[in-house]
């Protein structure tokens, strides 16, 4: 090789390496460190983390790479690193392991009656004094502090051990019920992701308000969802304190933020922690939530997690973590009903959550098969009877007075189907056949729909909800999961008054209470029970002492 070529090749190699460094993209990682090897010269783990980043960083400002330093549930930090920086970090003194910042998957009044916690004289509530003195931490989408479910009438201050803070713009929005509110969004900021309401613990989604009030909402009279489930709303531990840690932002929910929330909740002094999110199909040692909750349990914090909403497939469950309570969702003995009345005394009842007027005017009732060929001229001013519900959305705002859909709909599917402006009722195939036979013999029949009916003590109940994830857990096949089934279907709890109760529903619908179904709700119910009872008492209360 010509001697003059060697310097040229060396220069090219250096330049190529420089270009490669420029084009490398940063990704967020959680890095575990061995605090036992931290040099004594550092004042805190935070300073050690900064120094470690400075030693491997190719950035002019290595401190800007640090997103969080953890101190309670992890020895380590979250940082934005290139692939080469991560490899260099692995060679640093004290490095143990790293987790990639893959988004976590988060899952979404009569239930307390169903659990035997109804009356003020209930022995289960009396013996626990309704959870008084306990602090429930909820890592979710925040809270709507103006809700009556966060009222603190008759409540004393949080225990002296409580170290939490209130980070609403107006600190007076916290009280003796809602004792803490924080937001964890550093991962969003580092990724340059801008989202509405991401810089405040205020709930702009609704899920966090619903779940936290499910666990520890105060007594609120005359609560209902547009007339359904009318009564007194209350959490399972109505005198417990609540602290919310906003760390979930839809598809951008980061484990860096979630672990920071868990870390702070433990530092603040919560007794019970709700985790309504998790990972699917990854080993425990690759799951930062599993590692963080292990440390939380070691610090005497009871942790409850949701099993997920992936349905009946075997092994779809997440949070198969041995040291936490993994909660599946079940139905309760309450159904929301409506009634179709035809002619002189013929009637059938079915499921409905139509939020409009109490009843419709008497109108012609017609059977139209699957309603696929229904035109506006044919259906205007009539109550339609349709096989199945495939035409439900197309009949919305069609001019029909109402719709009767013949299908064996589940309660969880009902929640998704009925948030439209068409007055609708869902009846069984057996009742549908009776209606069809009646209409064939009475072609000029007229009828009406009556809504806002609630029935109780239907059986069998509880049953495992169709949407609730099943085991076994891929994370730890030796441990049977989920641990327990709690009420999770169509549970009434607080809701932000400026957010639609269903994103697919009409824009004009607003309510202070909403009905939701998912395993995170059953998880929060179990958190509330845990705040009211010892763990063995909780299992005894639920009839689950064989677990």
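Cβ coordinates are placed from backbone N, Cα and C, and glycine is handled just like the others.
Pulled from TrEMBL, these are the features on record:
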ACT_SITE  140  active site, charge relay system
ACT_SITE  207  active site, charge relay system
ACT_SITE  520  active site, charge relay system
DOMAIN    28-106  domain 'Inhibitor I9'
DOMAIN    131-523  domain 'Peptidase S8/S53'
SIGNAL    1-27  signal peptide
Could you give the number of helix, strand and coil residues in the domain 'Inhibitor I9' (28-106) as assigned by DSSP?
-> 27 helix, 25 strand, 27 coil
Tell me, how many other CB atoms lie within 10 A of the CB of residue 140 (active site, charge relay system), whichever protein chain they belong to?
-> 29
If you measure residue 207 (active site, charge relay system) to residue 140 (active site, charge relay system) at Cα, how many Å is it?
-> 7
Packing count at residue 207 (active site, charge relay system) (other Cβ atoms within 10 Å of its Cβ) = 23
Can you see whether DSSP assigns residue 140 (active site, charge relay system) to helix, strand or coil?
-> strand
